[in-house]
Amino acid sequence: MADDRKVALDAALKKIEKNFGKGSIMKLGEKADQKISTIPSGSLALDVALGVGGYPRGRIIEVYGPESSGKTTVSLHAIAEVQRNGGTAAFIDAEHALDPQYAEKLGVNIDELLLSQPDTGEQGLEIADALVSSGAIDIVVIDSVAALVPRAEIDGEMGASHVGLQARLMSQALRKLSGSINKTKTIAIFINQIREKVGVMFGNPETTPGGRALKFYATVRLEVRRAEQLKQGTDIVGNRTKIKVVKNKVAPPFKVAEVDIMYGQGISQEGELLDMAVEKDLISKSGAWYGYKEERIGQGRENAKQYMADHPEMMAEVSKLVRDAYGIGDGSTITEEAEGQEELPLDE
């Protein structure tokens, strides 16, 4: 009886592979890529909070938070890391607000960055689908979901009611995109804004626009919020920012990364490296003084950060020690992993 069932199962598997192609069904243990492939986020603290050393490839990421909290900065750092590792990046600028000079300061190669500023939400999502399906893109950032305005709303009159249009658009798009994103190992980052539900007496009134589909399809959801202002004398030079992993399908969620986002510079690599090294006792802290290998490197956090910025050899050494202490790799090269990607047929 058991042999009959095995023969029947083998016949069914062969039929499925014949109809839908090799690899359409397999035993979980046979799948070659069991280890989660990642791309560094551009922030060591965020790599640790994500639990797998970066953004998982072939997955959807949602980055949301209040205005000017650092959502686009976090996403641009991811693009810079992809390009640094030999990958190709695209930016769908639905808000029409990308600053090329700022992106360049964060390490983005703007000459190689693919940019689209769509007129409608449908156009933006179709462009994203075409790029992902090509199999030649490693990361695509959509900024933002709230700005993906349906064509019917743009063509209609100001003030006209269009209930649920954007939610339906996002639901349909994600149903179509999720499969090709996974097959081509593309990272899709959706930046989102915050809205408040009217009449909520208890609980959190905050929600994100675009319906519930993105919440379900996202493997990782990051909440970005400003914690405090950073001052140098009387001048405000940046913000202390908390990035909370509110959803994570590849590692335990609810971890928090604290980073310094400096105006005109982006995430301070020195600041997060200093904090993480102190936490692992790789850099000593006595009162206001910081020390490394019996040598004092600065009084006060800002001075210690400046010392590290002025001594790149020491920073590279500490970075390696911190990565080893937290079990984070240097990030794999994208070009090698991309060889296994397949190009998907575009819809006619």
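Using N, Cα and C of the backbone, Cβ positions are placed for all residues, glycine too.
Swiss-Prot annotations:
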BINDING   G65, P66, E67, S68, S69, G70, K71, T72  ATP binding site
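The structure, with features from Swiss-Prot marked on it.
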| residue | record | Cβ within 10 Å |
| --- | --- | --- |
| G65 | ATP binding site | 24 |
| P66 | ATP binding site | 14 |
| E67 | ATP binding site | 8 |
| S68 | ATP binding site | 11 |
| S69 | ATP binding site | 23 |
| G70 | ATP binding site | 24 |
| K71 | ATP binding site | 25 |
| T72 | ATP binding site | 24 |
For the ATP site built from G65, P66, E67, S68, S69, G70, K71, T72, further residues of that chain with CB within 8 A of the site's CB center: V224, R225, R226
Three-state secondary structure, T72 (ATP binding site) (per DSSP): helix
